Protein chains: 2
Amino acid sequence: MPVAYQAPDFLHPVAGVRLGVAEAAIKKPGRKDLLVIELAPGTRVAGVFTQNRFAAAPVQVCRTVLASGAPVRALVVNSGNANAATGQGGLDDAQAVAAAVAAAVGCEAGHVLPFSTGVIGQRLPVARMVAAAPAAHADLRADGWLDAMRAIMTTDTVGKGATRRVATSQGEVTVTGIAKGVGMIHPNMATMLAYVGTDAPLSPATTQAALQTAVNRSFNCVTVDGDTSTNDACVLFATARAGSRDIEVGDADYAAVYGAIEQVCLELAHAIVRDGEGATKFVTIDVGGASDEAAARQVALSVAHSPLVKTALFASDANWGRIVMAIGKSGVPVDPARVDLWLDDVCLLRGGQPHPDYVEDAGAAVVAQPEFRIRIGLGDGDAQATVWTCDFSYDYVKINAEYRT
Amino acid sequence: MPVAYQAPDFLHPVAGVRLGVAEAAIKKPGRKDLLVIELAPGTRVAGVFTQNRFAAAPVQVCRTVLASGAPVRALVVNSGNANAATGQGGLDDAQAVAAAVAAAVGCEAGHVLPFSTGVIGQRLPVARMVAAAPAAHADLRADGWLDAMRAIMTTDTVGKGATRRVATSQGEVTVTGIAKGVGMIHPNMATMLAYVGTDAPLSPATTQAALQTAVNRSFNCVTVDGDTSTNDACVLFATARAGSRDIEVGDADYAAVYGAIEQVCLELAHAIVRDGEGATKFVTIDVGGASDEAAARQVALSVAHSPLVKTALFASDANWGRIVMAIGKSGVPVDPARVDLWLDDVCLLRGGQPHPDYVEDAGAAVVAQPEFRIRIGLGDGDAQATVWTCDFSYDYVKINAEYRT
């Protein structure tokens with residue numbers, strides 16, 4: 001059960017984007033596990049990918065296609081198999097699937113981006129996927145977003161989607177996105193995938209810049225377990241159907257369009273944490289008073305990753321000693337005598353020492369809530385950062401211990 | 001239940017060292033929770049301490065005493081309260097306890113090292129500790145090591161001690177050590193403390209060098225949860241009673257004495273992992289073929305810290321995809337096409353791809369054992385490193401979620 005999150009029941013179509021799904025029985029029969037996203041000619045596509053050195057075969061293919069500057073006409077995504085640690089055979093498989101989709105769409109194989117999510121170290125059932133590609137193509141619809149959202153799920157307990165409309169000087173612009181993921185990243189299955197489309201006429205360079213900034217402020221600010229998958233990918237495509245003049249960073253319309261993109265990414269990123277494996281709490285960690293944003297972020301992530309903090313949150317225990325420990329081990333040269341700590345509006349520490357008015361019941365009341373905020377002041381500057389995370393429960397261990405059994 | 005570890009029932013005395021315990025009812029009455037270790041005049045003392053910025057008050061006092069070069073005549077250790085995040089009052093408390101022990105021993109207050117382990121953020125019951133100091137002093141015995149071992153336990157399920165005797169050109173030398181700790185470090189209670197004594201005439205500089213090297217090869221190579229306490233400390237004291245000529249690094253006798261110190265430290269460090277909170281497996285992670293030792297260590301720790309790897313180990317699941325993921329996210333520029341992976345003698349990956357002869361049952365048989373080895377070859381050089389860790393079980397969550405309830 002995700003923490004206060006429900007799958008959307010409506011997502012705005014994006015002019016120039018059609019989506020279709022089909023059953024390829026990749027892990028097992030009985031579900032639509034192959035997704036094709038067709039993009040109108042002229043669509044600008046940007047991607048960010050996992051930093052894991054064991055990048056999966058489809059990630060390697062995507063990087064090559066995007067680096068070539070080739071016009072991307074379609075994406076193909078499968079759940080049930082990650083096509084990672086599969087060597088040259090895996091690269092061949094990813095290209096064969098892309099070629100089948102290219103044939104259906106009517107473009108070159110090098111103009112299709114492949115994505116996979118699922119178990120590591122097994123070859124894709126290429127024949128079944130190639131055979132299913134025409135069916136996915138035949139299913140293409142502008143209103144296919146909700147089915148697409150479901151097709152990419154693995155152990156997600158809910159589909160994750162977000163949608164926004166904003167006004168620009170060239171008319172209304174739509175931004176719609178879908179994502180999957182339940183551990184921050186899972187080598188076998190979960191891993192994060194996100195696809196965000198807009199009809200805004202973002203220039204190619206602006207599409208990349210907007211994606212990078214939005215990812216840094218959303219997907220890169222959430223953590224479930226600190227692990228990093230072999231398959232992570234986030235793609236932004238701008239079909240440029242809503243306007244004839246390209247929007248560049250700094251243009252009057254950019255702020256509105258970028259704002260919608262960031263909101264969609266943030267909503268999807270939060271949905272991943274809310275649906276985090278075994279999560280019972282959604283926790284916002286705000287670090288302020290830092291010398292720079294990187295230091296603030298490093299402290300926030302140290303708290304967010306600490307198993308001792310996360311197990312205390314699960315127990316609704318306002319165990320601030322563990323938070324202090326995690327601040328102190330972050331690697332940032334924090335001065336303990338300047339550190340303040342709050343749970344929501346309850347002050348626990350002032351200048352590194354227990355606040356004289358603090359009573360345990362007040363802290364316990366905050367952390368008993370399904371959502372709350374840990375606020376940390378470092379007293380060392382003006383920079384701040386925010387990170388979102390969940391707790392660490394019996395069910396996290398259960399889900400991950402029993403995944404393959 | 002620790003993994004294949006029992007508390008020792010005998011520890012060799014060390015000439016020049018006497019230990020005594022007393023009940024100060026620090027957390028609750030009914031147990032000996034105050035330990036005094038008296039050192040003969042002329043003993044050389046070296047310490048290494050937590051890198052956590054929120055170092056506890058006693059750690060701060062120890063650093064000051066050792067930096068002053070003052071002769072250390074006694075150590076005082078309490079369990080049940082960490083005296084951390086207690087500000088100036090905590091420093092005053094640590095000094096008051098040291099002064100009481102100094103009065104009993106007959107030395108200056110600045111010649112006593114204080115140590116604390118237990119709950120963070122609460123002031124020490126100084127009056128009870130000062131009152132108990134004479135009783136601990138009256139209890140001083142050369143054979144007090146086993147009682148000392150028990151006095152410093154918190155949630156340890158067994159006491160941890162190790163002892164060795166080796167021959168030198170000046171006669172037989174003894175090395176005996178005790179430690180406590182069950183999470184790699186715990187902000188509230190566990191935290192690691194270790195005390196190792198020898199009668200070898202190590203020079204002051206050699207005492208420090210031997211300790212630093214031994215810690216790097218033992219306590220710094222084990223991890224339970226990757227958290228780092230506010231109170232960690234490891235102290236080596238050399239009473240110089242077994243010989244009249246100082247031993248320096250490089251002397252003929254140094255290798256034998258250092259070897260015994262490292263063995264004692266390694267045995268204590270392994271005992272901490274074997275008694276790791278909720279541990280059901282003791283796992284050795286060997287990384288070879290690295291460009292340098294730091295890279296090997298970084299890869300080994302990335303695997304050892306991964307919650308996904310640790311939950312799979314708990315489930316006796318030879319889920320090599322998660323190991324590959326952890327190698328790839330380590331930050332070391334690993335070339336996947338050169339990576340080999342074994343579980344004990346079973347080869348799973350060769351050159352980054354599943355070994356053709358590997359069958360799941362063979363891997364499962366290895367990880368079903370209570371102790372096994374993960375071997376990783378990076379194919380990038382000759383350097384290697386070894387790290388020891390345990391699995392991540394329901395009981396880890398239970399112990400840490402319910403600690404304060």
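Note that Cβ sites are derived from N, Cα and C of the backbone, with glycine treated the same way.
Remember, TrEMBL labels are computer predictions, not curated facts.
Residues or ranges marked as substrate binding site in TrEMBL: B:Thr154, B:Lys180, B:Thr191, B:Glu277, B:Asn400, B:Thr405. The annotation active site, nucleophile is assigned in TrEMBL to B:Thr191.
Known features from TrEMBL, placed on the structure.
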residue	record	DSSP class
B:Thr154	substrate binding site	coil
B:Lys180	substrate binding site	strand
B:Glu277	substrate binding site	coil
Binding-site residues listed as B:Thr154, B:Lys180, least Cβ neighbours within 10 Å: B:Thr154
Cβ neighbour count within 10 Å of B:Glu277 (substrate binding site): 27
